[in-house]
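Novice: What Swiss-Prot shows for this protein is this:
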{"type": "REGION", "residues": "1-114", "note": "region 'Disordered'"}
{"type": "COMPBIAS", "residues": "27-65", "note": "compositional bias 'Low complexity'"}
{"type": "MOTIF", "residues": "124-152", "note": "motif 'Q motif'"}
{"type": "DOMAIN", "residues": "155-325", "note": "domain 'Helicase ATP-binding'"}
{"type": "BINDING", "residues": "A168, K169, N170, G171, T172, G173, K174, T175", "note": "ATP binding site"}
{"type": "MOD_RES", "residues": "T230", "note": "phosphothreonine"}
{"type": "MOTIF", "residues": "273-276", "note": "motif 'DEAD box'"}
{"type": "DOMAIN", "residues": "335-495", "note": "domain 'Helicase C-terminal'"}
Amino acid sequence: MNTNRGRYPPGVGTGRGAPPNPDYHQSYRQQQPPQDQQYVQRGYSQNPQQMQLQQQHQQQQQQQQWSRRPQLPGNASNANEVVQQTTQPEASSDANGQDWKATLRLPPPDTRYQTADVTATKGNEFEDYFLKRDLLKGIYEKGFEKPSPIQEESIPIALTGSDILARAKNGTGKTGAFCIPVLEKIDPNNNVIQAMILVPTRELALQTSQVCKELSKYLNIQVMVTTGGTSLRDDIMRLHQPVHLLVGTPGRILDLTKKGVCVLKDCAMLVMDEADKLLSAEFQPSLEELIQFLPQNRQFLMFSATFPVTVKAFKDRHLRKPYVINLMDQLTLMGVTQYYAFVEERQKVHCLNTLFSKLQINQSIIFCNSVNRVELLAKKITELGYSCFYIHAKMVQDHRNRVFHEFRNGACRNLVCTDLFTRGIDIQAVNVVINFDFPRTSESYLHRVGRSGRFGHLGLAVNLVTYEDRFKMYQTEQELGTEIKPIPSNIDQAIYCQ
């Protein structure tokens, strides 16, 4: 906000100037004659000529007083214009909207190529949704420049209070599509849980809560994340402090709710990220029980890349006239090029070594179908001389958290994991995904390859396919409507490194 604006003289008028200046009044009083002398003069001064001279003297003093005011930029044509500009400085600065934007600490612009998955927008700006100024500041400083297609469709509808069932590709901005309206609707002066975001994995909960904290850093909104595998006592202590937004996995939140420490009677918004996974047999019983603690006038926001039959049944049971958004005319990301290499099982490690030597890898994620194979492969890759982390569901939670954050921060180039890491994990530097073991389902394949090519950028997916995997690969192509091409001897870096 521009602070170099014109003001009334200190202590004069009722405008937006500084509070009354006692020094000014003191000097002003010193210029006046004593009170008794003033009465003597009034009683004595009956001459009209003397009265006229006294009035002129008072007018001169007033003009001198106004001349001491700080001058505004530009030449005002008359005093009325000056007063109008003085009393309404913020309105003019808000009108052009430049002052507050000039103070933003923006991250370096991302100059990488982006596909139509995120650029095929209607041309809207975040300001078109009349969001809070402090939320807009957080959005821009997070690096969000304009709404992506899923954000354009979701944000205005969510702000009206309608239920939403949204389907969009991995890595196209779904997290921002629900975090922004949730943060906009939260009242920071009401210290109750007003919104809840449910996710299927602990890593995704940590990532989502971090996004919420970064977007709301200028708002006084308290975000709490809670997942299994962490201290229940710490969560109970935290819930005795103000919490406005709760992010976590269904099982842990249900546990805290049953204990009476997590009170959801004022939680009017429920977000389900990766909704298809939350409605699987693993999570649905906890989810259904958790919903019973919510108020009747709750709002549901459901987001995912795939919606099986279980989602439709849940929608019919709980959602009220939901607004359905489907941006999945093509299931796989436009920017991800997919190849396969026919290999024997015993040749896979050698083939992987060849890929490492030929590909320009920023960061890669390598998927296996079992915990044992993850650990064995990570050991082999380390023996080949490449830096490598691994992560799977049987690891201690603190170790999982450390691996996740260090890989995200670029401490290591390669990560070997199970399907634990396929849901929603957003690491912009990952440009190569390798399916060391071909996934068992087309749904798993879709989420795996979606770890590269995030937010419209380019990526590469390479599948090591054995004789037994041929039918699964063909079935995946048919179900997803995509083509997996044979790998060429030389891969053009332009298709995954721009």
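Backbone N, Cα and C define each Cβ position, glycine as well.
Values in this document were obtained by computation on a predicted structure and should not be read as measured data.
Let's see these features in context: how buried, what's close, how far.
Specialist: As a summary of secondary structure, the motif 'Q motif' (124-152) carries 17 helix, 0 strand, 12 coil according to DSSP.
The Cβ neighbour count for A168 (ATP binding site), using a 10 Å radius and every protein chain shown, is 23.
The Cβ of T230 (phosphothreonine) has 16 other Cβ atoms within 10 Å, all protein chains considered.
Break the motif 'DEAD box' (273-276) down by DSSP state and the numbers are 2 helix, 1 strand, 1 coil.
Per-residue pLDDT, averaged across the domain 'Helicase C-terminal' (335-495), gives 88.
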Novice: Using a Cβ cut-off under 8 Å, which residues of the same chain at least 6 positions beyond either end of the motif 'Q motif' (124-152) come close to it?
Specialist: 97, 100-101, 104-107, 109-110, 117-118, 159, 166, 168, 172-174, 176-177, 180, 183-184, 211, 214-219, 325, 327, 455-456
Novice: Among all protein chains shown, how many Cβ atoms are found within 10 Å of the Cβ of T172 (ATP binding site), not counting that one?
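Specialist: Step by step: centre on the Cβ of T172 (ATP binding site), count other Cβ atoms within 10 Å, giving 24.
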Novice: Cα-Cα separation of K169 (ATP binding site) and T230 (phosphothreonine), in Å?
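Specialist: About 31 Å separate the Cα atoms of these two residues.
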Novice: Within 10 Å of its Cβ, which one of these binding-site residues (G171, G173) has the largest number of other Cβ atoms?
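Specialist: In terms of Cβ crowding, the pick is G171.
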Novice: Could you round the CA separation between T172 (ATP binding site) and T230 (phosphothreonine) to a whole angstrom and send it over?
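Specialist: For T172 (ATP binding site) versus T230 (phosphothreonine), the Cα atoms are 30 Å apart.
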Novice: With every protein chain in view, how many other Cβ atoms are within 10 Å of the Cβ of T175 (ATP binding site)?
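Specialist: Step by step: centre on the Cβ of T175 (ATP binding site), count other Cβ atoms within 10 Å, giving 24.
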